[in-house]
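TrEMBL has this to say about the protein:
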ACT_SITE  HIS131  active site, proton donor/acceptor
ACT_SITE  LYS135  active site, proton donor
BINDING   LYS29  NADP(+) binding site
BINDING   GLY71, THR72, THR73, ALA96, SER97, ASN98, PHE99  NAD(+) binding site
BINDING   HIS132, GLY141, THR142  (S)-2,3,4,5-tetrahydrodipicolinate binding site
DOMAIN    1-99  domain 'Dihydrodipicolinate reductase N-terminal'
Amino acid sequence: MRIALLGYGKMGKSIETIAVNRHHSISLKVSSHTSEFDFSDTDVAIDFSVPTTAVTNIKRALDAGVPVISGTTGWLDQYDTMVDYCKEQNGTFLYASNFSLGVNLFFELNKKLSDLMSGFPEYKPEIEETHHIQKLDSPSGTAITLADQIIDVSAYNSWSLEMGNPNGLYINSIRTDNVPGTHEITYNSDIDSISIKHTAHSRQGFAMGAIIAAEWIKDKKGVFSMKDVLNIG
Ligand SMILES: NC(=O)c1ccc[n+]([C@@H]2O[C@H](COP(=O)([O-])OP(=O)(O)OC[C@H]3O[C@@H](n4cnc5c(N)ncnc54)[C@H](O)[C@@H]3O)[C@@H](O)[C@H]2O)c1
Ligand SMILES: O=C(O)C1=N[C@H](C(=O)O)CCC1
C-alpha cells in the first residue's frame, strides 16, 4: 500500500517506521513547508498534523479521490461538515480521537461503567488526562470522547475544564514532561472512589492502530470509525 503522510511530526514518523516494517511505502510526506500535493501514487492518506490544518488536509485527499484517515485532534467542531463533504464526494473517511487498541477497549469499558454508575448519583465522575508539553489542544481528543460517553447517560450536558461547574463534567487536563497519553476516570462519593485508567507507554499503539485502519479502509467507501475496524462495541 502507498501511504501519504499528511503531517510528518512525532506521529508521522512513528507511522512511517511501522508502515515500512509492514512492507508499505510512503508516497508523500507533508509538513508545514509543503506546497505541492501530488496524490497520484497514493492508496491511502493518513493525517496526523495540527488542529488548524486537519480540515484542509482531509479535503485535499477527498478531492483527489484518496481514502483518508485522520488522527489529528482539536478540530472536531467541523467533523459533521467533513462527514457531509466525504459523502458528497462519494469518498472514504475515518476519524478516531485515539487509534490504539487499548484505548478503544477502554472506551467500551467506560461506556459499561458509565451505564452502571448512572443509577447511583451519589458518585460524581471526573476525568484526568495527562500529556507531553508539546501538545497543542486541551483537553485531549480522547478525553472528549470519554466525556461524551459519560454525558450520554448522565445529568451532565457538557464537559468543563473548570472544577465545580454544576452542569459540566470536570476534565483535569495536565501537561508535563514527555507523557505519551494517560487517561483516568474516577467516580467519587463521600465514602469511596472507583477509578479506571489507561496508560500509553509509547506512541506505538496509536501508530499501529492508524496503519491497521488504513489497511482495512483502503478499498472501502463511506465514513467509518475504529469500532468498524476492530469490530467491537
Ligand atoms: N488519534 C490518535 O491516536 C492520536 C495519537 C497521537 C497524536 N494525535 C494527534 O495527532 C496530531 C499530531 O500529533 P504529533 O504528536 O505528531 O504532533 P507533531 O507536532 O509532532 O507533528 C505535527 C506535524 O504537523 C505538521 N504540520 C504543521 N502544519 C502543517 C500543514 N499546514 N500541513 C501539514 N502538516 C503540517 C508539522 O510540520 C508537524 O510535522 C495532534 O493533533 C495529536 O493530538 C492523535
Ligand atoms: O500526543 C497527543 O497529542 C495525543 N493525542 C490524542 C488525543 O488528543 O487524545 C491521543 C493521545 C496522544
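Cβ atoms here come from the backbone N, Cα and C positions, even for glycine.
Sequence features, as recorded in TrEMBL, placed on the structure.
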residue: LYS29; record: NADP(+) binding site; Cβ contacts under 8 Å, 6 or more apart: ALA4, LEU5, TYR8, GLY12, GLU16
residue: GLY71; record: NAD(+) binding site; Cβ contacts under 8 Å, 6 or more apart: MET11, ILE46, ASP47, PHE48, TYR95, ALA96, SER97, ASN98, PHE99, PHE206, ALA210
residue: THR72; record: NAD(+) binding site; Cβ contacts under 8 Å, 6 or more apart: GLY7, ASP47, PHE48, SER49, VAL50, PRO51, THR53, ALA54, ASN57
residue: THR73; record: NAD(+) binding site; Cβ contacts under 8 Å, 6 or more apart: PRO51, SER97, ASP137, SER140, GLY141, THR142, ILE144
residue: HIS131; record: active site, proton donor/acceptor; Cβ contacts under 8 Å, 6 or more apart: SER140, ILE174, ARG175, VAL179, PRO180, GLY181, THR182
residue: HIS132; record: (S)-2,3,4,5-tetrahydrodipicolinate binding site; Cβ contacts under 8 Å, 6 or more apart: ARG175, THR176, ASP177, ASN178, VAL179, PRO180
residue: LYS135; record: active site, proton donor; Cβ contacts under 8 Å, 6 or more apart: ARG175
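GLY141 ((S)-2,3,4,5-tetrahydrodipicolinate binding site) carries a helical DSSP state (H, G or I). The (S)-2,3,4,5-tetrahydrodipicolinate site is set by HIS132, GLY141, THR142; from the centre of their CB atoms, other residues of the chain with a CB within 8 Å are THR73, SER97, ASN98, GLU129, HIS131, LYS135, ASP137, SER140, ALA143, GLY181.
Residue counts for the domain 'Dihydrodipicolinate reductase N-terminal' (1-99) under DSSP, split into helix (H, G, I), strand (E, B) and coil, are 35 helix, 22 strand, 42 coil. Among the recorded positions GLY71, ASN98, PHE99, HIS131, residues whose Cβ is positioned under 6 Å from ligand 1 are identified as GLY71, ASN98, PHE99. Selection of the binding-site residues LYS29, GLY71, THR72, ALA96, PHE99 by a Cβ distance under 6 Å from ligand 2 yields an empty set. A coil conformation is recorded for HIS132 ((S)-2,3,4,5-tetrahydrodipicolinate binding site) in the three-state DSSP classification, outside any helix or strand.
Within 10 Å of its Cβ, the residue among the binding-site residues SER97, ASN98, THR142 with the fewest other Cβ atoms is SER97. Highlighted in sequence order, SER70, TYR95, GLY141, THR142, PHE206 have their Cβ within 8 Å of the centre of the Cβ atoms of GLY71, THR72, THR73, ALA96, SER97, ASN98, PHE99, the residues recorded for NAD(+), and are not part of that set. Cβ contacts within 10 Å of GLY141 ((S)-2,3,4,5-tetrahydrodipicolinate binding site), excluding its own Cβ and spanning all protein chains shown: 20.
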